[in-house]
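Here's the structure, in structure tokens; my notes come after.
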Amino acid sequence: MLNKPVLVESLIVFAIVLFVHTVVWDRYSWCAVALAIQAFYVQFKWDRLLQLGGAVFQFRTAANSGLLPASMVIPLLGIVMKERCKSAGIVYFERFGIVVASTGMLVALFLSVIAVGITKPVPTNTCILTGVAGSIIIYTMKHSLTVSEVIEVLEVLLIFVYLSMILLYLLPRCFTPGEALLVLGGISFVLNQLIKRSLNVIEGRGDPIDFFLLVAVVGVVLLGLFFTVLFIFMDSGTWISSMFFHMMTAVLGLGVIMPWLYRLIQRNPLFWLLQFLFQTHTRVYLLVYWTFLAASACGVVFYQNAKRSSESKKHQASTITRKYFHFIVVATYVPGLIYDRQLLYVAAVLCLAVFIFLEYIRYFRIKPFGQTLRHLLSLFLDERDSGPLILTHIYLLLGMSLPVWLFPRSCAPKGTLSGAGALVPYSGVLAVGVGDTIASVFGSTMGEIKWPGTKKTFEGTVTAIFAQIIAVALILIFDSSVNLNSSYAWILASVSLVSLLEAYTTQIDNLLLPLYLQIMFM
């Protein structure tokens, strides 16, 4: 029997795909539609495998596979990036968009083939659909990509395969298949880009902040893999192991990551970073303001834990309490988006590295703060943190930051896009910071009419849509670089579709919603 919420979620994703391709229809549109149809059918095979425990790895159990919504994100991002850069006349990034779209399609197709291959008995109709979709995609790639681009796509696929086998084994119950596709696919692409750019360094070519993002992401992932393997052979909770952890972090940071970044930006990374952060008075004021907000967030954590100690050891933070952090993040990102987006870009990268490093300390119980972090953060766990890692706060940061990081600056005249595209950097603020927060708060306190098959309410969704429209009006008032050019109907449709997706998806909404809103705006 088909799951009604999954059907509605799939219809919303199909609607977004069709909306995008009413504006952008070319040979890649046939590939995207074929991929969406086959992912819809394979999604139910994955769901059945998860219910029967037939999947090779242990996935998050409180959600469906999420294959369809995850499969479409990277291809659609590549397609809309291609169109934006084509209209701007930037050939290099137009080709880059085609590579992104092709890579996303091939990785999604690979995950579908895995599900079909391990389903018993073999689903004949789904196999035929997957074969047809694969043929269309491969035929289009054959006539669209150069030999070097085909090699690049296959390199990303190879990295994805090996990374999936390693991380899904080491981190059981942390992801659904769809979340694994998004997260591991993204990491694979970043790693391949870093290797490619490291082998072809041209002085003065490329923005240092882009290199900083690539090196930071790959560096923290490699650091985690190194310590995971190391602590298989020794107890991570002892003082000797903790000292070794800190020592090796310094060695790898100063001996590998820093020289790697130096090779790419052709200057001392620490001096460059300090000069960048304190370059103007505006940046200094923003850094002071963000430090105050970070202290406020820590204050909320300590206050809620003190409250738990005085009331009950089983006390868990409510939904409204967890949304405090969403408000703090909105207060962090909006001034950065208005006054200095490059600083926000770099600060978000630093914050991501710190978050992941602190999660390593918590996970490995590194002294002296590992056990304390475990105690403090356990208060804010929800059903999505069913694995050994706590990822919801990292997903929140990613959801707010990805629209800033993925904004096609080179294809945007004067650093901004026209029409709804001008709101692309605000996608995370609108979808997660405003929409998801308001939907949760109003839905849990005043909602009465539930959407069929879900815990989400009609009142929460409608309130979220209105709140995002009001937020867009405020952005227009305070950010002079935003010019919507009468694209209000498209913005309303985009916000409404993504808010409906929030009501029906069981995936990590902090990660999924901003990406879909960014796709619609672009």
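Cβ coordinates are placed from backbone N, Cα and C, and glycine is handled just like the others.
Unlike curated records, TrEMBL annotations are generated automatically.
Listed in TrEMBL for this protein:
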TRANSMEM  12-41  transmembrane segment
TRANSMEM  61-80  transmembrane segment
TRANSMEM  92-116  transmembrane segment
TRANSMEM  122-141  transmembrane segment
TRANSMEM  153-171  transmembrane segment
TRANSMEM  211-232  transmembrane segment
TRANSMEM  244-262  transmembrane segment
TRANSMEM  282-303  transmembrane segment
TRANSMEM  324-339  transmembrane segment
TRANSMEM  386-406  transmembrane segment
TRANSMEM  426-446  transmembrane segment
TRANSMEM  458-478  transmembrane segment
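Tertiary neighbourhood of the transmembrane segment (61-80): same-chain residues 3, 6, 9-10, 13, 16-17, 20, 24, 28-29, 31-32, 35-36, 39-40, 42-43, 46-47, 50, 97-105, 107-108, 111-112, 115, 173, 176-179, 181-182, 185-186, 189, 383-384, 386, 406, 501, 505-507, 512, 515-516, 518-519, 522, selected by CB-CB distance under 8 Å and a gap of 6+ residues from either end. Only residues 6 or more beyond the boundaries of the transmembrane segment (92-116), in the same chain, are considered here, and those with a CB under 8 A from a CB of the stretch are 28, 31-32, 35, 38-39, 42, 45-46, 49, 56, 65, 67, 70-86, 122-123, 126-127, 130, 133-134, 137, 141, 144-145, 149, 152-153, 156-157, 160-161, 177, 181, 185, 188-189, 408, 410-411. At the 8 Å Cβ cutoff, the transmembrane segment (426-446) and the transmembrane segment (211-232) share fewer than 3 close pairs (sequence separation 6 or more) and do not count as touching.
Long-range contacts of the transmembrane segment (282-303) within the same chain, counting only residues at least 6 positions beyond its ends with a Cβ under 8 Å from a Cβ of the stretch, are 321, 324-325, 328, 331-332, 335-336, 339-340, 343, 347, 376-377, 379-380.
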